[in-house]
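**Q** Annotation source TrEMBL lists signal peptide at 1-20. Positions annotated as Zn(2+) binding site by TrEMBL: Asp89, Asp355, His359, Asp397, His398, His477. Summarising the annotation, TrEMBL assigns Mg(2+) binding site to Asp89, His196, Thr198, Glu350. TrEMBL lists Ser133 with the feature active site, phosphoserine intermediate.
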Amino acid sequence: MELIYVLLCVVHLAVAVVLAGPAGVFVTVPSPEPTHPMDDPNWVPPTGPTQEKDREYWLSTGQERLRRQLEFSERNQRVAKNVIIFLGDGLSIPTLAATRVYMGGEERELSFEAFPYTGLAKTYCINYQVSDSACTAAAILTGVKNNYGTIGVSGHVPLMNCPLSLLASNRLTSILKYAQEDGRSTGVVTNTRITHATPAVAYAVAGARYWEDDTELPQGCVDIASQLVHGDIGTNLTVALGGGSRHFHPIGTVDGNGAPGVRTDGRNLVDEWISDKVTRELRAQFVHDRAGLMAVQPGQVDRLFGLFSANHMSYRLLADQQREPSLEEMTASALELLKRNDRGFVLLVEGGRIDHAHHDNLAKLALDETVEFHRAVERTVRLLAGDAETLILVTADHSHTLTIGGYPVRGNDILATGDFSRLDRMPFFTLTYANGPSYFDHFHETGGRRNPTDMLDRIRDPSFTYPAAVPYEDETHGGDDVAVFAQGPWAHIFSGLYEQHVIGHGLLYAACLGPDEFQRSDACRDRLRGGAASNWRGVGQQLLSVLFLLGCLRAQILAM
């Protein structure tokens, strides 16, 4: 009996240890019911869509896709006169997969997923395993990896260092600068603040992404908003559309929508932008709402500047869509203006609010913002249908910690619970995060999960947060690779797995931009600056034809 008693005590102690929380607090296990549906002897396994049960469906669709892949083997090696870079901020591969289901089914395809070439890019900064948007934008737009949080400077500049950021040897050159030197138009479109990390790298140089205005700026450096108006690249942008008007207006004033400015230097940079364009005799237009943007006549405007919100623009699902233009509409407006330049253009389009939704564990908003990003690409492809001179590249700067987990049945609502845990006898959400502020929304303070069944009536609410395994004030980025999709001239060079900065070099190569010592295709040699090469080539071909005819005539005369 004593042995049995000891064994029972040991078993009891083992169970107590298993059930104890990290601080020794015991977690109450729910009653044995409910249990996993599969444990029911009468459980009927789910079945797939009817047509997918037939082997003929998979054989025919497989052959159809193969034919499409074979068509992709014909490579376009022309000069990319136009380059459009779509950057989905935080657009991780799980976000893509979840968005397909959100749009209507696992088999759905986002617009850019139909592009012929796909690759993977490694996203780390030179000093962080998990990157931010500043160092990744540098890789993509300048072809150089650098330190976390720095804007357009090399790795010799630590974050927040103003003096080192001023050294010419430490300053990077973005593809937009090379394009302007080549006579091409340039544009930046974003639904974040236009002074935010990703768009800032396109036109600015700064020791920190946080120097968007003069409020925290070290003496001797120039803030990002000022560089957009007066900087080497910013002053020559054809189009700049986004949010962040507060960084362009001084304290004590308001923008066109009544939002207050924050600058402490008393400068109104919007007025300065308008004045600069008037001085240079450029037809310029500033807009602050959707109506103003929709009224722009491309043939009557040389420069367009739009700031539609004091901070970031609203999530599309929550926006006043009569006042704020969508990412799709801003992109279309930019294209109408940019494509008037026969020399070509370079355009950066950022879907930035995907990232912000993830940071707050707002999965539904992240997926919905991805749909908006998909629409912007789709509209662009439609507007440029048949254009063989435009390279469109779609990628992300970095990942997030969103996962798709469990074994949900086919067609299950991606926003709902999808599987059941036998250990705590509760269902769990298919979408979860590794960390973030939502931890306390889904876990009891004493340990153990809150029952998701009690939350299912709220999953349609955009403010509903999805579970995070670790409490963190702001969900972090992820360190995994991101997808790269490309179509157009030299799109095939973006296949494979590579460091993220290789994207920047590929863009320059395709567009015949960058320093003279960089790699050049044969097509580039036919396109010297100003188009002289192609003109002389045409003259040369005509001379050869004349000489050939003269030779034939001479031969005929001698034969007579």
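Each Cβ is built from the backbone N, Cα and C atoms, and glycine gets one as well.
Those TrEMBL annotations? Automatic predictions, nothing curated.
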**Q** Quick check for you: of the recorded positions Ser133, His196, Thr198, which have their Cα within 10 Å of the Cα of Asp397 (Zn(2+) binding site)?
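**A** Within 10 Å of Asp397 (Zn(2+) binding site): Ser133, Thr198.
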**Q** Of His359, His398, His477, which of the binding-site residues has the most Cβ neighbours inside 10 Å?
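**A** In terms of Cβ crowding, the pick is His398.
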**Q** Using Cα coordinates, what distance in whole Å links Glu350 (Mg(2+) binding site) and His398 (Zn(2+) binding site)?
**A** 13
**Q** Say you check the Cα of His477 (Zn(2+) binding site) against those of the recorded positions Ser133, His196, Thr198; which is nearest?
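**A** So, spelling it out, the nearest of the recorded positions is Ser133.
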**Q** Starting from Thr198 (Mg(2+) binding site), work out which of the recorded positions listed here (Asp89, Ser133, Asp355) have their Cα within 10 Å, and give them in sequence order.
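**A** Passing the 10 Å Cα cut: Asp89, Ser133.
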**Q** Enter the number of other CB atoms within 10 angstroms of the CB of Asp89 (Zn(2+) binding site).
**A** 28
**Q** Asp397 (Zn(2+) binding site) has how many other Cβ neighbours within 10 Å of its own Cβ?
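**A** Here the count is 30.
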**Q** For the recorded Zn(2+) site, whose residues are Asp89, Asp355, His359, Asp397, His398, His477, find every other residue on that chain with a C-beta no more than 8 angstroms from the centre of their C-beta atoms, and list them by sequence position.
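**A** Nearby residues not in the site list: Gly90, Asp132, Ser133, Ile354, His358, Ala396, Ser399, His400.
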**Q** Is it possible to get the count of other C-beta atoms within 10 angstroms of the C-beta of Asp355 (Zn(2+) binding site)?
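**A** Summing over all protein chains shown, Asp355 (Zn(2+) binding site) has 29 other Cβ atoms within 10 Å.
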**Q** Taking the Cα atoms as reference points, how far is Asp89 (Zn(2+) binding site) from Ser133 (active site, phosphoserine intermediate) in Å?
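**A** Per the Cα atoms, Asp89 (Zn(2+) binding site) and Ser133 (active site, phosphoserine intermediate) stand 7 Å apart.
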**Q** Quick one: of His196, His359, His398, which binding-site residues lie within 10 angstroms of Ser133 (active site, phosphoserine intermediate), measuring between C-alpha atoms? Sequence order, please.
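**A** Among His196, His359, His398, the ones whose Cα sits within 10 Å of that of Ser133 (active site, phosphoserine intermediate) are His196, His398.
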